[in-house]
Amino acid sequence: MPFRLLIPLGLLCALLPLHHGAPGPDGSAPDPAHYSFSLTLIDALDTLLILGNVSEFQRVVEVLQDSVDFDIDVNASVFETNIRVVGGLLSAHLLSKKAGVEVEAGWPCSGPLLRMAEEAARKLLPAFQTPTGMPYGTVNLLHGVNPGETPVTCTAGIGTFIVEFATLSSLTGDPVFEDVARVALMRLWESRSDIGLVGNHIDVLTGKWVAQDAGIGAGVDSYFEYLVKGAILLQDKKLMAMFLEYNKAIRNYTRFDDWYLWVQMYKGTVSMPVFQSLEAYWPGLQSLIGDIDNAMRTFLNYYTVWKQFGGLPEFYNIPQGYTVEKREGYPLRPELIESAMYLYRATGDPTLLELGRDAVESIEKISKVECGFATIKDLRDHKLDNRMESFFLAETVKYLYLLFDPTNFIHNNGSTFDAVITPYGECILGAGGYIFNTEAHPIDPAALHCCQRLKEEQWEVEDLMREFYSLKRSRSKFQKKTVSSGPWEPPARPGTLFSPENHDQARERKPAKQKVPLLSCPSQPFTSKLALLGQVFLDSS
């Protein structure tokens, strides 16, 4: 088993200097958008536990409690802050007890990491205050949306919130998070073209598409991912139905010989015959809906590109069979390894372990430097860049380890579990079925049923009713009217699909006058961005 790359101690050199205020790897001042809320520490925290490094997990939790402050004058990507910070904190919160952290009374419905996640998410809410309900791409953590902020946001930056925000609403009892995430999902769904496709960038003020290229990759990818994962996490048939409709259109208009191209969203004509490394998540997503045959065929296409270069270039021209100019790099992205992990769990096909072996050997041989693993600047000559992305620790290492570790607690089949007593009754945790957010932070779906909160007076009424029934049973001679003694049920959660009717039932929150930030998409910097109206604009820098 090629674990040489995956030993937890190999990560510590890269992790230790990244506490609050630490200098960058070149000795420069830290980037406040990342370092001031300890992004890499949060992003890599659950990886430490999955790799078995409990003591380091505990230490980092203490560091975060002492250093994290979200009241800072920093423009932050709404998307990145959600998937890395909110998702990372929620996952670490739910795994804290397993990691031996002393949890407070009321966990998992309370705890310091949960409070941090809620605070971070509240900083993002002003971005959703738009006429369409689709969020701006950037928000200032102190002031809200900056005046003059661009209203153009990528599709994934709008539709990648339901996993984290629904989890947060379930744990805190505040429906506002899930509500805004559902509105954003629905507005994208309503904006699809007549042939069932969505574009790449949209104006969140007008709902008009700015970049009309449709595909499964950069700027769109995790929207589709979250329809599937949100459907599984919330047992929501409507979200799954939405994805399946998209899947039909994607197969009809973008799939060619088990590759997926970029097409014009209204006409279906090819605009870019390229494969992007970010698209390599798709076979794993197909496996989640049981489409194994198609998933394996597409995976094998992508694997041939890996074997050609020892990694996946950001852009690969399919007809030419080679990299695209200025997109030859490989920043150690996880997507192909992620798909291998999902497909191996589904099939046991040893070909998938071969990809894992190749990935370990390539990364170790090409990228390993004195204190971490460097981004590959150019796969043609294996030149390195002086940076290591936090998703390498959060995702790439994690998926590699899970591919080769069939007994990891993440793969639990329900044979073991923990029964936890909360203020709201007993709940079961750790039985498996974890849902990974798009940054590979695992969420225990059972936790969403542990904290069904109600208004304080309703709980008081329930306590009085229990006392009454107890008294009634002990004094049966005083029986009068018969009252159902079945289990007391809380009122229904907000509806599956957000509507004005159920919105009135949700807690209304109107942040102070919003101000607005800088479009930051989830993918690579998209200056070579997909075509505008079919025309490709390459980066001239």
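In case you wondered, yes, glycine gets a Cβ from its N, Cα and C as well.
The signal peptide annotation in TrEMBL covers 1-21. What TrEMBL records for Glu80, Glu314 is active site, proton donor. What TrEMBL lists as active site is Asp221, Glu335. Residues or ranges marked as Ca(2+) binding site in TrEMBL: Thr438. TrEMBL lists 501-511 with the feature compositional bias 'Basic and acidic residues'.
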Fill in the CA-CA distance, Glu314 (active site, proton donor) to Asp221 (active site), as an integer in Å.
14
Across all the protein chains here, work out how many other Cβ atoms are within 10 Å of the Cβ of Glu314 (active site, proton donor).
23
Alpha-carbon distance [the residue listed as 'Ca(2+) binding site'; Glu80 (active site, proton donor)] in Å:
10
Given Thr438 (Ca(2+) binding site) and Glu335 (active site), what distance in Å do their CA atoms have, once rounded to a whole number?
10
Whole-number answer please: how many Å between the C-alpha atoms of Glu335 (active site) and Asp221 (active site)?
11
With a 10 Å radius around each C-beta, find which of these active-site residues (Glu80, Asp221) has the fewest other C-beta atoms nearby.
Glu80
